[in-house]
Amino acid sequence: MVVSGAPPALGGGCLGTFTSLLLLASTAILNAARIPVPPACGKPQQLNRVVGGEDSTDSEWPWIVSIQKNGTHHCAGSLLTSRWVITAAHCFKDNLNKPYLFSVLLGAWQLGNPGSRSQKVGVAWVEPHPVYSWKEGACADIALVRLERSIQFSERVLPICLPDASIHLPPNTHCWISGWGSIQDGVPLPHPQTLQKLKVPIIDSEVCSHLYWRGAGQGPITEDMLCAGYLEGERDACLGDSGGPLMCQVDGAWLLAGIISWGEGCAERNRPGVYISLSAHRSWVEKIVQGVQLRGRAQGGGALRAPSQGSGAAARS
């Protein structure tokens, strides 16, 4: 894509504002009841659409949840502990003070046939990031969802890990996204709504900033965002995938590298998916969520290696 002028530097002050607000985290949340000790994060017990995606296998991604509004799938999210789910803040726009409208379905592979081993839990409250502006494409599009009660862990319901400070994602690192979103713009996932998955490469942030640059004003790619996907389009996240995970495997454990946030259209050429980086917001999550598990490189300090081969299948809102 030919652009006019140079894109702005990545940033926009999002993380600077965020750092000053960390100390203002709600003491009510910090004093919440101690959670039960969970199983090891990021390790499915059973191993074996997203646009251009493919069916996942049952229990392949046991931390993925369906956030439902009035009983209908609305967004995806990821389980962190027995009482906390993480997702995109924009999923609750205009409804932040109406948690009774929402519920969380865990352990479901097919939304049309969730099965007796799935669990459905109400939402107690939602904690959006304090600097999120509620504007489309804004930085800090991340929220924590407090469940009304503790869930029961099983092979179908397990937590995902957050990346520790040793994790870095160089361009062309292959990770995965998953969700129950539309398979094309305006085409919902057909019954029985089987969870879709897609392998996506990380895209250099400067390249992504150029792709989304409009020639004036602040560029939309901020320092707390990651881009991933295929420049040719055809495979991507789509409506209904918002809030779902960008997952990378490190030393046998799956880490939540990012949260599906935004993009232009679905699977359009030169419009890759944009994700909120968990590395950028790890400290905020740790201030609120007691018992969240972090994982990194076994030897410490190393970046993830980009696989020599890849491709796969995809998810967004």
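For all residues, glycine too, the Cβ spot is worked out from N, Cα and C.
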Practice item. Among Cys227, Cys248, Cys266, find the residue that Swiss-Prot gives as the disulfide bond partner of Cys238. Key: Cys266
Review point. Which of these, Cys91, Cys139, Cys227, Cys248, shares a disulfide with Cys175 in Swiss-Prot?
Key: Cys248
Review point. Which is it, of Cys91, Cys227, Cys238, Cys266: the one of these disulfide-bonded residues whose Cβ has the most other Cβ atoms within 10 Å?
Key: Cys238
Study note, to complete from the structure: Students should find that the Cα atoms of Cys208 (disulfide bond) and Cys75 (disulfide bond) sit apart, in Å rounded to an integer, by 24
Practice item. Take the Cβ of Cys175 (disulfide bond) and count every other Cβ within 10 Å, whichever protein chain it belongs to. Key: 25
Check your understanding: So what sits near Asp141 (active site, charge relay system) in its own chain, CB-to-CB under 8 Å and at least six residues off in sequence?
Key -> Ala88, Ala89, His90, His129, Tyr132, Ile259, Ser261, Trp262, Ile276
